[in-house]
């Protein structure tokens, strides 16, 4: 027997069954960088059609988390698939490097600027800190197998990028979109700075809910509006009632707002017990609910009036000695409250807008630290949130408080400090959404973009329609300066602003943003102007920094310098989490439309947030955090990459140890399929051993055809960014089409056919074609494993799979072929039915293995005609030692029905001897002299010309 073992074509490969990825991947990674793989890809793709995926910059602070890994892996898969599709797709990773979180970290170590450390030194410390953070994150991203311009990423703090951010501001100002205004903005009292929309998050908070009386200044004039008849005008004090959850804003109250079209009622509160008689004005729809919460049971209506009739009536401020007007506003509703809104133009966006219309004072008695200014009557020196109780006490004392209780509601918080914020009117710089038609143009451009998923379009449209002006100024130290000069008396911009901005940008390009603070104005504009103008000392919102990277990076980097006729937009694709509709997607769109009149991207693709296996947010306190480093150290990056590609990432993306274990199981199945291919290509040289397609065994041609069909679907799914469809198709191909059928059937031929004979070489030709395609399908997702396979494959090839393109050597079966796809589908159905009966026979101890079986198939005429096309090779497809086809009319009593109509099968144990080489039970075993242990087929395969196979 041992002599015959040497004659078998046994599989052999250096590609191990176990991936051992955690140890093997770092070695491969070093090889990639030693050989400059990214540079090799760029050389190979030079001159090809371009594809630009522009990286949204993560913030340079802390370790990367699983959301970062999801985002960067998705981008890398898409870039690699585009490269294989023949695109030149450079990838320049970026980092957001200015802003408050870095300032806070440096403050902890060095103190606040202007105290223990100068502002210039503080900026330098921030720059150093950010650089260290970038390097840490960079190594983590590289470990995930992400290819890119890691030696020259973009950082918003690079001098050239800072200069281009300043130039962007100049372009926006030049297009007429810049606005200086004293407006209420989101203000964090802990940051001591304005916040952008994207820096605000909403959390539940308990607040005092109060109903407050504003007594009518002219009772007769007010009563007249309600047309109450003589003698029925009621009794007691006459007031409008406002409702608010921010008592601290009442010192800044300058009006009460009603809706022009709402009906208001004059309610007589009757004297009853301790309740005094009084008259209250409320929205008719809300009067009952106000009375209920105030505990007033005895009341009746005196008269009604439209909101429009009450305009400009005067009411006394509840604790200051001045009157405020009744005004009309569209923002007033009857969803809650009293239908009358307390209006403080310095503390609310809607209040500000309506206040401008009525020329109200925009009072702001609150300092940047959230404390009332020294001249604030009654409340000077108190922090606004602590002052709520003081305000309520004063209202009680003045008899102005109708009712108060605590409510829990959604309230804006600072995204960094997680503390409640306020609206506060301050002089700020804005990008105006309407003064030069920016909102309308942005909405028009939204329609030209392909949003994936589609709901992204309506989401961003709603946000742009409703958003206020973009407040781009910050009162911070570590940021790109708003490099403008304003007139000391009029606050007007210098008439040569664009020219001056370019001069400043050139200085910043050379020395960084510190050049602005070191700048002597006279050197830039001459002594005369220098006496009249001063520098703006605010810095830019970090969302402006990242928002203008379509210009500061994409339009400016040499790597993206493609022929203009190819480019319809700065970038082809932006890909970030779905929270970026209110963040980076929006800041990029607004700035690009403001600068260039068009969207910066052709497509926008969003992914959901990562949650645990139970759908809960990742949280250290819950203990459900999955760190990318832990996964790569334990399972390897390819498992993490396969997890990313296996999920429908447009929804929430779940991860847990169990989910990653499932990815590891799927990985093993794919790896083992690839290993089978490689092991059975042992001894195959594609330059000399390829069998022409028309001469290949029919089943081998079918297998290549299945790979051809799979490749078409896989490339289409890659092109449409449906990565989970890629992995599903890949798994189906490996497990079902190959593993459950083709690879199972060909083992006999591959192992036992004549070494280097036609039957074996046909099979190896198919395996070679398929693995050439398979390794490329895998490469964008399981990059390390694909590279490992590539290095074990036979034949001459490029150094790396990543520099090539999809394999073009596959071919499909023609539908006109006799043994076409439909034929092989039917044969697989027959095989599945036979296998069930073989399993049953094995369970009943009729046979041991399937090769011990002799089967007879009783088939109807149509099915018999199909099966008979395989002639005497049917047994190889069914993995039995003998298979005979007979008409259904001759069916024996022992034949059993199958799941297929028109097919019965009789399973019997073979009485023939077993061939010690191929294990088939065949009548001619022992009949050939000198080869008593083997069958005639094996003798031919060992010493003769080898068996002939046509079909299987």
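Glycine is no exception: its Cβ is also placed from the backbone N, Cα and C atoms.
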Matching range for Swiss-Prot feature annotation, motif ''KMSKS' region', among 612-616, 617-621, 622-626: 617-621
Swiss-Prot annotation of motif ''HIGH' region' - which of the ranges 36-46, 47-57, 58-68, 69-79 it falls on: 58-68
DSSP three-state assignment for residue 938 (Zn(2+) binding site): helix
DSSP-derived class (H/G/I helix, E/B strand, else coil) of residue 576 (L-isoleucyl-5'-AMP binding site): strand
Segment-level pLDDT (mean, integer) for the motif ''KMSKS' region' (617-621): 80
Rounded inter-Cα distance in Å - residue 935 (Zn(2+) binding site), residue 620 (ATP binding site): 67
915, 918, 935, 938 excluded, remaining Cβ within 8 Å of their centroid (Zn(2+)): 752, 916, 917, 919, 920, 922, 925, 934, 936, 937, 939
Proximal residue to residue 576 (L-isoleucyl-5'-AMP binding site) among binding-site residues 915, 918, 938 (C-alpha distance): 918
Alpha-carbon spacing, residue 915 (Zn(2+) binding site) to residue 620 (ATP binding site), which is rounded to whole Å: 63
For the motif ''HIGH' region' (58-68), the number of residues DSSP places in helix, strand and coil: 3 helix, 1 strand, 7 coil
Cβ neighbours within the same chain of residue 938 (Zn(2+) binding site) - under 8 Å, at least six residues apart: 4, 752, 915, 917, 918, 931
Densest Cβ neighbourhood among 915, 935 (binding-site residues), 10 Å radius: 935
Among 576, 620, 918, the one of these binding-site residues whose Cβ has the fewest neighbouring Cβ atoms within 10 Å: 620
